[in-house]
Amino acid sequence: SVGFKAGVKEYKLTYYTPEYETKDTDILAAFRVSPQPGVPPEEAGAAVAAESSTGTWTTVWTDGLTNLDRYKGRCYHIDPVLGEEDQYIAYVAYPLDLFEEGSVTNMFTSIVGNVFGFKALRALRLEDLRIPTAYVKTFQGPPHGIQVERDKLNKYGRPLLGCTIKPKLGLSAKNYGRAVYECLRGGLDFTKDDENVNSQPFMRWRDRLLFCAEAIFKSQAETGEIKGHYLNATAGNCEEMMKRAVFARELGVPIVMHDYLTGGFTANTTLASYCRDNGLLLHIHRAMHAVIDRQKNHGIHFRVLAKALRMSGGDHIHSGTVVGKLEGERNITLSFVVLLRDDYIEKDRSRGIFFTQDWVSLPGVLPVASGGIHVWHMPALVEIFGDDSVLQFGGGTLGHPWGNAPGAVANRVSLEACVQARNEGRDLAREGNDIIREACKWSPELAAACEVWKEIKFEFTDMDTLD
């Protein structure tokens with residue numbers, strides 16, 4: 001036998017294997033790699049495969065105690081990125097045995113935990129993951145999913161309407177509950193805690209939950225519709241988070257909320273499991289996502305974070321609006337909307353989808369459009385997102401000149417008008433403004449909203465665009 005040979009050798013000698021044929025059980029990753037000057041793309045891709053699986057910087061004698069061919073990641077293909085200098089898409093295959101079953105935390109720790117600080121790379125971005133069906137089946141996924149949520153709420157054939165209570169910080173619990181009641185009474189399906197509403201000196205969580213529950217039940221009694229408020233259970237530790245979720249269940253409310261990136265995947269999966277066992281819907285906010293996903297050449301694309309959330313568990317997740325104040329190019333946004341909702345998604349590079357993904361009946365997640373949207377956006381939102389979505393107007397409800405309830409009425413009327421027009425075969429993209437103006441004739445609340453927001457636009461170039 002050759003025996004152990006100490007020393008450093010190029011990664012590509014072991015981890016670049018263009019002849020490798022991927023297996024149905026492999027986790028496949030597409031990385032956007034920007035090598036340092038003088039580093040060949042094959043070496044950069046192999047380094048990513050090595051450092052995110054079994055490799056380290058030097059040969060170690062314990063390599064001989066295992067079967068590296070069975071466990072190593074492999075860079076099996078490299079494509080140059082069109083229009084970009086010294087950028088490549090490196091495709092890496094990971095054997096399934098490298099990952100703990102049912103753990104998004106372990107999956108990310110392995111694939112992106114260490115390699116992003118690697119000196120041989122100027123920048124690195126995880127663009128997409130293919131999760132094999134064998135691994136998908138180890139996850140519970142969303143607590144309930146789209147169909148079960150509609151059945152619980154008894155609401156069909158239209159998007160759901162929400163509103164984030166503003167100002168997000170500073171209201172007392174009683175005033176907060178009053179704002180919730182006004183919005184729900186006016187016709188919204190949900191109201192929402194903002195992502196940073198946890199348990200602060202001006203409003204402790206228990207007081208907020210009590211006043212919001214009162215608002216929910218009072219508005220339900222008046223409207224005959226099932227209502228909800230996303231009670232944010234995010235906390236400084238898992239025990240406190242679960243205490244808040246348990247209290248929400250004891251109050252009999254239908255939904256709680258979690259900030260899944262700041263709270264962490266372990267906490268999120270724990271909460272999602274509790275929600276399924278106890279009949280609570282789970283709304284997910286993606287606070288901190290732009291720190292990770294906004295730069296085009298470094299970080300993790302949101303389509304990966306969206307897939308991870310579907311595995312970890314959540315019934316709603318914020319997905320961008322295309323038309324509002326926050327980043328979101330149309331094709332890119334629609335690519336992760338289908339990855340959240342559909343059961344089988346074909347590879348489609350025109351939308352940035354690198355791999356075919358089969359979710360094998362894992363429940364779907366409702367995308368939430370939220371951020372700088374108002375009644376004039378309603379036709380575009382209905383056309384872009386379709387029925388299985390939540391359209392969330394914070395300032396677009398609470399900023400109504402007549403108050404919260406009329407703001408909610410304006411949103412509900414504009415939504416119903418757009419859905420009816422679509423069902424009659426009208427073109428929302430072309431006739432949207434006319435549809436809204438027609439509805440204004442029989443809704444003074446909508447007419448007032450249209451007057452306030454007729455000139456508001458957010459016209460900036462998206463940072464994250466398709467190649």
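Along the chain as shown, the residues are counted starting at 1.
Note that Cβ sites are derived from N, Cα and C of the backbone, with glycine treated the same way.
When secondary structure is read from DSSP and collapsed to three states, K5 (N6,N6,N6-trimethyllysine) falls in the coil class. Feature annotation from Swiss-Prot assigns N6,N6,N6-trimethyllysine to K5; the stated evidence is sequence analysis.
Counting every protein chain shown, the Cβ of R286 (substrate binding site) has 23 other Cβ atoms within 10 Å. Following the DSSP three-state reduction, the secondary structure of R286 (substrate binding site) is coil. The annotation substrate binding site is assigned in Swiss-Prot to N114, T164, K168, R286, H318, S370 on the grounds of sequence analysis.
Summarising the annotation, Swiss-Prot assigns active site, proton acceptor to K166 (among others) and lists sequence analysis as the type of evidence. There are 16 other Cβ atoms within 10 Å of the Cβ belonging to K166 (active site, proton acceptor).
Sequence annotations record features per position, and here Swiss-Prot assigns Mg(2+) binding site to K192, D194, E195 based on sequence analysis. For K192 (Mg(2+) binding site), the number of other Cβ atoms no farther than 10 Å from its own Cβ, over all displayed protein chains, is 29.
The N6-carboxylysine feature in Swiss-Prot is assigned to K192; the stated evidence is sequence analysis.
Here Swiss-Prot flags H285 (among others) as active site, proton acceptor. Same-chain residues at least 6 positions away in sequence with a Cβ under 8 Å from that of H285 (active site, proton acceptor) are, in sequence order, E195, N232, M257, H258, D259, Y260, I317, H318.
What Swiss-Prot records for K325 is site 'Transition state stabilizer', and it gives sequence analysis as the kind of evidence.
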(request) Using the centroid of the Cβ atoms of K192, D194, E195 as reference, list every other same-chain residue with Cβ within 8 Å of it (recorded Mg(2+) site), in sequence order. (result) T164, I165, K168, D193, N196, V197, Y230, N232, M257, H285
(request) Could you work out which of the binding-site residues (N114, T164, S370) has its C-beta surrounded by the smallest number of other C-beta atoms within 10 A? (result) N114
(request) Report the nearest neighbour of N114 (substrate binding site) in space among the recorded positions K166, K192, D194, comparing Cα positions. (result) D194
(request) Using K168 (substrate binding site) as the reference point, find which of the recorded positions K5, K192, D194 has the shortest Cα-to-Cα distance to it. (result) D194
(message) At a 10 Å cut-off from the C-beta of H318 (substrate binding site), count the other C-beta atoms across all protein chains.
(response) 22
(message) Taking every protein chain in this structure into account, which of the recorded positions K5, K168 has the most other Cβ atoms within 10 Å of its Cβ?
(response) K168
(request) Write out the long-range same-chain contacts of D194 (Mg(2+) binding site), meaning residues 6 or more apart in sequence whose Cβ is under 8 Å from its Cβ. (result) T164, I165, K166, K168, L169, N232, G394
